[in-house]
Amino acid sequence: MKTLQGAHLRKPVTPDLLMTPSDQGDVDLDVDFAADRGNWTGKLDFLLSCIGYCVGLGNVWRFPYRAYTNGGGAFLVPYFLMLGICGIPLFFLELSLGQFSSLGPLAVWKISPLFKGAGAAMLLIVGLVAIYYNMIIAYVLFYLFASLTSTLPWEHCGNWWNTDLCLEHRGSQGGNGALPANLSSTVSPSEEYWSRYVLHMQGSQGIGSPGQLRWNLCLCLLLSWVIVFLCILKGVKSSGKVVYFTATFPYFILLMLLVRGVTLPGAWKGIQFYLTPQFHHLLSSKVWIEAALQIFYSLGVGFGGLLTFASYNTFHQNIYRDTFIVTLGNAITSILAGFAIFSVLGYMSQELGVPVDQVAKAGPGLAFVVYPQAMTMLPLSPFWSFLFFFMLLTLGLDSQFAFMETIVTAVTDEFPYYLRPKKAVFSGLLCVAMYLMGLILTTEGGMYWLVLLDDYSASFGLMVVVITTCLAVTRVYGVQRFCRDIHMMLGFKPGLYFRACWLLLSPATLLALLVYSIVKYQPSEYGSYRFPAWAELLGILMGLLSCLMIPAGMLVAVLREEGSLWERLQQASRPAMDWGPSLEENRTGMYVATLAGSQSPKPLMVHMRKYGGITSFENTATVLGG
């Protein structure tokens, strides 16, 4: 018997289906998926790309404003609590999904094909966001070029675009706080430069009559798309190198603006206004909702960017550590940006003799009106203006890289044989198509369309996608199975904190956010302009379309299966046969018997049924163990 076993050990009989390419000799494989798909080329590529993606324009123009309107320093309590409940767990979940499977937002739903519609919804959302986000980068480029002068063009009145209401709000009150009686009815030069020169909104009657194309904005938008295309030309190999600059340089500029800001007279007044704790605000549900919204949008969960970046990692990359570095780094950056912004606003309020809350704004109003106006009050104003807009450019670009890489990766992973060899061409065509779709934003009424896209493209639809993803992974696929997959990658299972958040706390918080946003729904507006009913309906349909992709995907998945409806649902919700790590050497445990090089790997159970329940490799191991 021992002799027979020895003979078997010397020459194991391997079923053809289980042979690896090296066993089979020279096998002509059409595509070597792992090598062809690409990976990060440096150790810090992934980490810096995630930091660049998360730390964006919202850190500068949304967080400081949200903080001061929701209790100042007291806002940090719900902010960090929501970071722990929603931000960190969902961030880690998305990174884990991407790294384990090495697949983009569409193909990753091999984990449960029933929910593939959530991946399609992600793509729709990120596509709409990418169109208008690059328009904001185009505005930044416009101001960047306008800053290359000895005198900033928005410093004085008297230009052709100024009206009689224009008044140079400078510190001419002699510091006594007395204001001209009609100051509230006047307009600053920076505001008229933005609305009447850059946007030329006087040529539009509203969203229904966008007016003419602004050729200078068309060229800026074209330049921003060219920059994005050149940076994503070779996928993560090129964008992974660019982020070494775009993710780190904003911190140098932010530090310079911070040092300059806190040394200005009146700076402390602004910082006090920003951080003075008003703890009675914590009794309001609005403050907690605002904190959750800030975390949710700032970290970029649900857009597919994190999943895409993680899919290019090596299988054992320590994403657990990276999760805490990026999420906490993002929060600290937001707080620092608040100091840089409010120190300058404090100086500005002292110069103008008005309270800080009258000069503080959020969004484009801060970036393109208030802060540029503050720059004109400083010595060497063009230099500081150029630095500020260059910081905004680098902050915006790496977020845009992530949006585009998400779309390109998702579609090429879905059709690898056709698109992966032509990835650069596909990226170029996508950029051209999105540039053409974004041309309406360069019209005289383009700002109205941008506001509509901003308000609805990633509002309730994004929350629905993230809730669906969280429930599909933890409830349908199973939290125990998911934790086992993470153990295979990282060498340990996520603790009780992560499991509790994934199963209950995170989806419950997001559901509360969703209900709150529907109950407290307010129609879009821009300044005093109210959007017509048809525009509101268009916006709501935009948000609903991404939600409807989920049931549509379920219908398609169920129709592809056989049997009764319940059987079809069960089959469609189970992981696909080739779900698991992309490389054969990483397939352990239940994934061990998948076929290297096969186009349709099959799980171990199929081979056990066909070959009597044990493979020759396991047989060898059994004999050696005996």
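Easy rule for this one: first residue shown is 1, then count along the chain.
Quick reminder: no glycine exception, Cβ is built from N, Cα and C everywhere.
Annotation source TrEMBL lists transmembrane segment at 46-64, 76-97, 118-145, 213-233, 242-268, 288-312, 324-348, 383-403, 424-450, 456-477, 497-519, 539-559.
Two recorded stretches are said to be in contact when at least 3 C-beta pairs lie under 8 angstroms, sequence spacing 6 or more; the transmembrane segment (497-519) and the transmembrane segment (288-312) meet this definition. Counting only same-chain residues 6+ beyond the ends of the transmembrane segment (76-97), those with a CB under 8 A from a CB of the stretch are 67, 108, 111, 282, 287-288, 290-292, 294-296, 299, 301-302, 306-307, 309-310, 319-320, 322-324, 326-328, 331, 335, 466, 469-470, 473, 482, 485-486, 489, 494, 497-498, 501-502, 505-506, 509-510. A Cβ distance under 8 Å defines the sequence-distant neighbours of the transmembrane segment (46-64), meaning residues of its chain 6+ beyond its ends; these are 40, 136, 236, 239-240, 243-244, 246-248, 250, 274, 294, 297-300, 305-306, 309-310, 312-313, 317, 322, 325-327, 329-330, 333-335, 337-338, 341-342, 362-364, 366-367, 391-392, 395-396, 398-399, 401-402. Same-chain residues lying 6+ beyond the ends of the transmembrane segment (118-145) with a Cβ under 8 Å from its Cβ atoms: 57, 105-109, 198, 216-217, 220-221, 223-225, 228, 302-305, 364, 367-368, 372, 385-386, 389-390, 392-393, 396-397, 399-400, 403-404, 406-407, 410-411, 434, 437-438, 441-442, 446, 449-450, 453-454, 457-458, 461-462, 464-465, 468-469, 472, 542, 545-547, 549-550, 552-553. Same-chain residues lying 6 or more positions outside the transmembrane segment (324-348) and placing a CB less than 8 Å from one of its CB atoms are 47, 50-51, 54-55, 59-60, 63-64, 67-68, 76, 79-80, 83, 87-88, 91, 251, 254, 257-258, 261-262, 264-275, 294, 298-299, 356, 359-360, 366, 370-371, 373-374, 377. Of the candidate ranges 213-233, 288-312, 456-477, 539-559, 213-233 contributes the most Cβ pairs within a distance under 8 Å of the transmembrane segment (424-450). The stretch from 242-268, 288-312, 456-477, 539-559 with the most CB pairs below 8 A to the transmembrane segment (383-403) is 242-268. Counting residues 6+ beyond its ends, the transmembrane segment (539-559) has Cβ neighbours under 8 Å at 113-121, 124-125, 128, 452-453, 455-457, 459-462, 464-465, 468, 524, 531, 565, 568-569, 572 in the same chain.
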